[in-house]
Amino acid sequence: APAKAKKIPSKGNNVELSSDGEVEEGSWEMEEEEEDEEGSSEEMVDDYGASSSEEEELLPIEKAALKQKSDRGGLSEDDSEEEEVAEEAAEEASRQKMGQEEEESPDLQLNLDIDEQFKLPTNEQPPDLHIIHQRIKGNMEVLQDFVAKREEGRTRQEYLALLRRDMAAYYSYSDFLLMKLMDIFPLPELINFLEANEVPRPVTIRTNTLKTRRRDLAQALINRGVNLDPLGKWSKTGLVIYDSSVPIGATPEYLAGHYMLQGASSLLPVMALAPQENERILDMCCAPGGKTSYIAQLMKNTGVILANDSNAERLRSVVGNLHRLGVTNAVVSNCDGRQFPKVLGGFDRVLLDAPCSGTGVISKDPAVKTNKDEKDILRCAHLQKELILSAIDSVNAASETGGYIVYCTCSITVEENEWVVDYALKKRNVRLVATGLDFGKEGFTRFKDRRFHPSLKSTRRFYPHTHNMDGFFIAKFKKFSNAIPQAQKDEEPAVEAATPSAVPDTVMEPQPKKKKLEGSKADKEQKPPQPALKKRHSLQAQRRPLKA
């Protein structure tokens, strides 16, 4: 069939567009005749499929209105004016969209520029977190291949200073703590650590095997709408909770003492301690009682556990948890741990979960990001050195099954961990042994300009970004002699000089007795063999102190 011409009035001009694309002139009468011949339905379809540039800009509802008007017999001049108004409105809308895109484009363009080539900022920019994040990523890429990607005339220190400022702004850390973390972690791992601290750790519980089995507890909680899984191959009692339709700390099972809400990292020190049945064990800083109750269940309520804490308020939670969990072999005491060898000694094993700065549990306590400084770290390290000496002195090296001390903190700073352990190795007759944990990173044997004992490789570090648990440090000692090394008398350390309680009096008491014994032996050797002279010398020896 031959192509039929279509007429679309444009702005009052009688112009026809043919299907071949040629412009033809005509009259309104011809259009009306063609409409009569072709019929209304064909004209609607033909008109709707027209490929004019003006009609493409119209909205569908406007196109439908045009068709209806064409069916009625053509478009008047008024209709063409309305069409112009509609076109102008459509153009304004498109301009507004273009304006919005242009407003958004500078940020997008800036991000592209950052990705393509990172340059140090010349002036202080407003704290836009998105820009800072992009700048951190760009800075990291440059530092990983510094020779090839660095900007001419810029030093590595400038890039590191900018990176530290950006990370402090983006993650809300103090400059002091970030410097400490940058010393501990390589840069890519540091970013992973900071990101992991923004996410809460999974909720974990420990089955109380004094009252139930893990399989039975898991089934009971699943029936209550709890979604859970075993914690890992390394734990026989732990469960991880993904979500729950009931409050996990108020279920009938919890109130009956079938489980304890406890972080995964808190199970590790007790596993390293490996308590045996019928032993005497000291938990020097026990609150809130999670580790104490775990020790009791591993000992099957035999032997004796002395659960001590210096804070009387926190001991309330210990007593409540021990009653709820059915622990019957524990004695609770409120003493300063530094005085403990005087209070009681001769334990088979001691667990020291020392008070620390909390840099491993930032996800639980974000205030640590800004409220810790050098004094806080050194104050904690000072207290830890005192406590670890007291813990070692409280252990009986001659114990048949024990003689072990486990030292742990929820901090990742070297001053509170390797430094303290290295100090204890120098001051007491102890050596480090394997913790018995088959995962975790090795402790530092060198850190900046410090060199520690090579056996510190057997200590273990746990991080949020690698093990998905709180940051933790664990060291296990074996005591091989109850005697205190002589070096302690000759070189009195600053820590012990400031706090004489760190050196127990009970251990130091036998020293004057030894001198008396030595003196009596010397007298015996000097005595002549004659019986008459023996009596004379003995009388003189008795009289001399009286005259003095």
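Quick reminder: no glycine exception, Cβ is built from N, Cα and C everywhere.
Values in this document were obtained by computation on a predicted structure and should not be read as measured data.
As recorded in TrEMBL, the features of this protein are as follows:
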- CYS410: active site, nucleophile (ACT_SITE)
- CYS285, CYS286, ALA287, PRO288, GLY289, GLY290, LYS291, ASP309, ASP336, ASP353: S-adenosyl-L-methionine binding site (BINDING)
- 19-46: compositional bias 'Acidic residues' (COMPBIAS)
- 64-75: compositional bias 'Basic and acidic residues' (COMPBIAS)
- 76-91: compositional bias 'Acidic residues' (COMPBIAS)
- 517-527: compositional bias 'Basic and acidic residues' (COMPBIAS)
- 533-548: compositional bias 'Basic residues' (COMPBIAS)
- 193-480: domain 'SAM-dependent MTase RsmB/NOP-type' (DOMAIN)
- 1-108: region 'Disordered' (REGION)
- 489-548: region 'Disordered' (REGION)
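Around the Cβ of CYS285 (S-adenosyl-L-methionine binding site), 20 further Cβ atoms fall within 10 Å across all displayed protein chains. Shown in sequence order, ALA307, SER317, VAL318, VAL319, GLY320, ASN321, LEU322 are the residues of the chain, 6+ apart in sequence, with a C-beta less than 8 angstroms from the C-beta of GLY289 (S-adenosyl-L-methionine binding site). Put simply, CYS285 (S-adenosyl-L-methionine binding site) is 13 Å from CYS410 (active site, nucleophile) when counted between their Cα atoms.
The maximal spread of the S-adenosyl-L-methionine binding site, taken as the longest Cα to Cα distance among CYS285, CYS286, ALA287, PRO288, GLY289, GLY290, LYS291, ASP309, ASP336, ASP353, is 20 Å. The number of other CB atoms found within 10 A of the CB of LYS291 (S-adenosyl-L-methionine binding site), across every protein chain shown, is 26. Counting every protein chain shown, the Cβ of ALA287 (S-adenosyl-L-methionine binding site) has 23 other Cβ atoms within 10 Å.
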